[in-house]
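Copied from TrEMBL, the annotated features are:
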- B:20-39: transmembrane segment (TRANSMEM)
- B:75-255: domain 'ABC transmembrane type-1' (DOMAIN)
- B:82-102: transmembrane segment (TRANSMEM)
- B:114-135: transmembrane segment (TRANSMEM)
- B:141-160: transmembrane segment (TRANSMEM)
- B:204-223: transmembrane segment (TRANSMEM)
- B:235-255: transmembrane segment (TRANSMEM)
Amino acid sequence: MGMTALTMPPLPAHDDRETVIDFQGVVARFGGLHAMGPTSLTVKRGEFLAIVGPSGCGKSTLLNMVAGTLKPSEGTVRYKGELVDRINHNVGYITQKNFCLPWRTVEANVRLPLEFRKHPKAETAARVAAALEKVGLKGFEQAYPKQLSGGMLQRVMIARTLAYSPDLYLMDEPFGSLDAQLRTRMHGELLKLWQETGATFVFVTHDLHEAITLADRVVVMSKRPGRPKLVVDIDLARPRDVIDVQSDPAFSAYFKRLWTALDVH
Amino acid sequence: MSMFAKQGGKSRTGRLPSLVPESVAAIQMGIALFALLAWETVARLFRTDFWTSSPSNVMVELWRWAASGLLTSDLQLTLTEAGLGFLIGSAVGGLIGFILGWNRLLGNLFEPFILSFYTLPKIALAPLFVLWFGIGITNKVMFSGMLVFFMVFFTTYQGTRQVDRDLVENARLLGAQPWDIWTKIALPYSAVWVFTGIRIGLPYALIGAIVGEFVAAEAGVGFRIKEATSFFNTAAVFAGLIILMVISIILLGILKFVESRALGWQSAKGSIQPETQT
């Protein structure tokens, strides 16, 4: 069944879900360097999209444009139909960098966005507790970041995002610095989270396994200037088991196809 | 009783036996006593007490100083000078270092001026301060404050400049307004550096007061040391030095206490691991 999805042009007849992100001919130039685009791409509500490509192809640039921290040199980015022209507070942005404030406990770090957003106190405590519970950090509320391992710090970052329940999660190689076993475990947890929140996820990685395991759709970017080169729907059953899915024959077929498009030398 | 702590099999830090704290203190006391004894012996045997004085003479001199009531008033004066200088220097240095460190534009603008002051031996300004502020307490407060200011300012400025700009951008994404960035990120971040600067700057408060008193004064611990030197009263000079030493040790103790309270997170130790799930 997975194989037919490969041989047939993967075009759903229609998708009436709301468009969350809409890139229209966006281009990124840094000084004289033409880094990315023109790129046109839409992401639907509740979708899990993965973007893969060689380094420097502008994968992260796309995320920055949605977050509103970078303006496109040309073209437009819309979030739920609205032009992104300032910081977009509806997104949760998670990178492999740890942005914990070292002088705050785990709990106080997770509370940070709620303090910024002036959430009422009572609701804040409940949200923080729920977020910590969800990422398996219950019992570590009073620990300081320097006492935690890389995997746990990443969980704090995820909990901090969960706490204000954004509609859109932007993830830039969030598990890039974790070892393979931990990474696989985090994949499982992330998929569970995605299913529970019903939020839209855009996940940038250069790891094809990661992309196929997680995503509904994988976009392969070309070398610089990066443009979408191939878009593949990943028609693997949901909910996915992050281990079992890798032994699915369709998985390796997707892998080969994406690998060829990635054109790694 | 063994002086060495029992080594468990779990220790990973090599084979050197570690001393138990009580023995460390005992040994340190021993070293201090030995040094005092050697000092006294040398002074008596070789009659060097004109140059080196001796612990017994110094004790007598300290007693005389205290009995005359001058020790209290000198201490009061010198500590007031150093204390006020310290407060003013730390506050102004921390504030300006913080502002110039966070504001790239201002920092870049003022950097050449800052650097040209950095290399100047500040002690050389002491005579000028007499000209500006007279020989009273104001002169010492200002001079001591100036020394502290530079130490705190440079440390805060350089430390704060190193802040990760991505951290600030991340906070903005999380919804932080400019005010939040200042109060919840910039200030706590800089606090570490202000404290580092204050720790380095604290001895300079005392140096400033003492140098100020050396240059021109009518009372104070530094003035007493200078006065004793001109009368070749070595014992009184050493008495003054011992007073200064005691003051510094007490001040550093206070600072360490305050720092451990304010920056408790820095001393959080050990790594916490989740129980491994299989």
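For all residues, glycine too, the Cβ spot is worked out from N, Cα and C.
By number of Cβ pairs under 8 Å, the transmembrane segment (B:204-223) is matched best by B:141-160 from the list B:20-39, B:114-135, B:141-160, B:235-255. Through the fold, the transmembrane segment (B:141-160) approaches residues 80-82, 84-86, 88-90, 92-94, 96-98, 100-102, 107, 114, 117-118, 122, 125-126, 129, 132-133, 186, 189-190, 192-194, 196-198, 200-202, 204-209, 211-212 of its own chain, all at least 6 residues removed from its boundaries and within a Cβ separation under 8 Å. Tertiary neighbourhood of the transmembrane segment (B:82-102): same-chain residues 110, 114, 140-161, 163, 182, 186-187, 190, 193-194, 197-198, 201-202, 204-206, 208-209, selected by CB-CB distance under 8 Å and a gap of 6+ residues from either end.
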